[in-house]
Amino acid sequence: MDTHIGSVDGPSPAAVNGAVGCPASAPGCPIMSSHPVVSPGEASLGRHLARRLVQVGVSDVFAVPGDFNLTLLDHLVDEPGLRLVGCCNELNAGYAADGYARARGVGACAVTFTVGGLSVLNAIAGAYSENLPVICIAGGPNSNDYGTNRILHHTIGIPDFSQELRCFQTVTCHQAVVTNLDDAHEQIDTAIATALRESKPVYLSISCNLPGLPHPTFTRDPVPFFLAPRMSNKMGLEAAVEATVEFLNKAVKPVLVAGPKLRVAKAGKAFVDLVDASGYAYAIMPSAKGFVPETHPHFLGTYWGAVSTAFCAEIVESADAYLFAGPIFNDYSSVGYSFLLKKDKAIIVQPERVIVGNGPAFGCVMMKEYLSALAKRVQKNTTAYENYKRIFVPEGHPLKGEANEPLRVNVLFKHIQDMLTGDSAVLAETGDSWFNCQKLKLPEGCGYEFQMQYGSIGWSVGALLGYAQGASDKRVIACIGDGSFQVTAQDVSTMLRCEQNSIIFLINNGGYTIEVEIHDGPYNVIKNWNYTALVEAIHNGEGKCWTAKVKCEEELTAAIEMALGEKEDSLCFIEVIAHKDDTSKELLEWGSRVSAANSRPPNPQ
């Protein structure tokens, strides 16, 4: 079944085996199945869950073992189509499942009861905010302990086992607690199907004494279930298209803007088809970068209010009609609510709803079908694109530096731009990398991911692990600030165990730069680490790893040449020493506007 959630299909699953934390080709992987298994004729709960994960496209499960999930992990290890990737902590396991879902359409993590569940909770909340189907599996107490008034370890010391469940209810679209075999089949299938249908995380708790038990509802190879695609209400679709055509065809200089929910709606191609049919100029919201091609001649750049790509905001905000496909308007994407947009000029297209101007609104209209139908009806109008060509002036290049002068961040990103190909992907950590990576021009096929809605610092380390594991056909380039890296650095270890060859640019500027530009204080300064030495210590001679510390452009050029050449099959960690005040101009503008929004006084009572 198709579980891809992006406009570009994820890579084909790589060959896999039962090794834990290692790729299929890893020689002498140290952690292999050594326990007794259910006989081939039997079908257990654990095997059913493992097979279901494989059927929906999960080849890797990111896990941290604990006594309540150990027997379940045995069955995941035994599944030939699954690889169990052991992570250093639950937070990173959740972030890895998030990154994997971005690459493959669905991700999964496995943790233990409460201490593991509450540790992974933050990552699951982030996946919820980004509309990613992540299956969070928690090993639960023995089924006989429910309702006994017993106090168990890994709890807060009360005989109520529902604390973990209650915490997950607000950050998942479905929760299931499996404590008996009679309804286990239905509960597991419903949870997985709901994650895929809603494109949101689900919580699945399984009692620790159940995974190895057979039941008549389980079969050795579960029959694949089919998720019927959601269809538009035909009359509603026709009415929405008719109203939109009338609205757009009377406009003089309409434009299109792609938003992040294009991925949920699987409408990336439909959006590009509308661009081709209409001739409109189009832009992307920052969190939609990578969802539609940037090589199309009518592409304006990123629409991000006051920090937009040069000349993009001028064209979008001066248009007399703008269609936003899948937008999320929050304080960050609107630069402190400073967009110069008018509701009566906007068509807002959400995955299942269309609003034209101040009204009317049409429900049960699927974005993909709507955009495809609109492409057949709208009149061609290139006025906005022609206006853009008249005012456009090519951007300048960073100033040429003196020999061995301290490296500037804009010079770093000039070199990262030159590294990108269709076989690359970029991960941008929360911080100034948001703005610098946003300015990269992505070649056709180049992936791009960042976590804008939730903005959890440290996300990118775990997400890099998961994305690289899911997109094995790409070499991933991650841009991570020193403050963020300190939150989740441990799982560089897991990247090495999995023989990944990503390139990490660690930007060492001495603190939380994005926070400095919103509101400065001594708490934004962090203890400096010897980052390359830390990674070498984690490496410890096992796996392929190469590190470099660069302070000038000449050293950076040599490091990149090494990473792309002799060390192309190694995990490459390049620490870039930057001045603490070396930030993008976009961050300076954005920070001041977000600060102003945060500091608004209370409304009069």
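Every residue gets a Cβ built from N, Cα and C, even glycine.
Here is what TrEMBL says about this protein:
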DOMAIN    45-149  domain 'Thiamine pyrophosphate enzyme N-terminal TPP-binding'
DOMAIN    241-352  domain 'Thiamine pyrophosphate enzyme central'
DOMAIN    452-576  domain 'Thiamine pyrophosphate enzyme TPP-binding'
BINDING   D482, N509, G511  Mg(2+) binding site
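Residue environment of D482 (Mg(2+) binding site) contains 25 other Cβ atoms, counted within 10 Å of its Cβ in all protein chains. The Cβ of N509 (Mg(2+) binding site) lies under 8 Å from the Cβ of G481, D482, A578, H579, K580, D582, each on the same chain and at least six residues away in sequence. Using a 10 Å Cβ-Cβ cutoff, G511 (Mg(2+) binding site) registers 20 neighbours. Secondary structure counts, DSSP: the domain 'Thiamine pyrophosphate enzyme central' (241-352) has 40 helix, 21 strand, 51 coil. Apart from the site residues D482, N509, G511, the chain places the Cβ of G481, G483, I507, N508, G510, Y512, T513, I526, A578, K580 no farther than 8 Å from the centroid of the site's Cβ atoms, the recorded Mg(2+) location.
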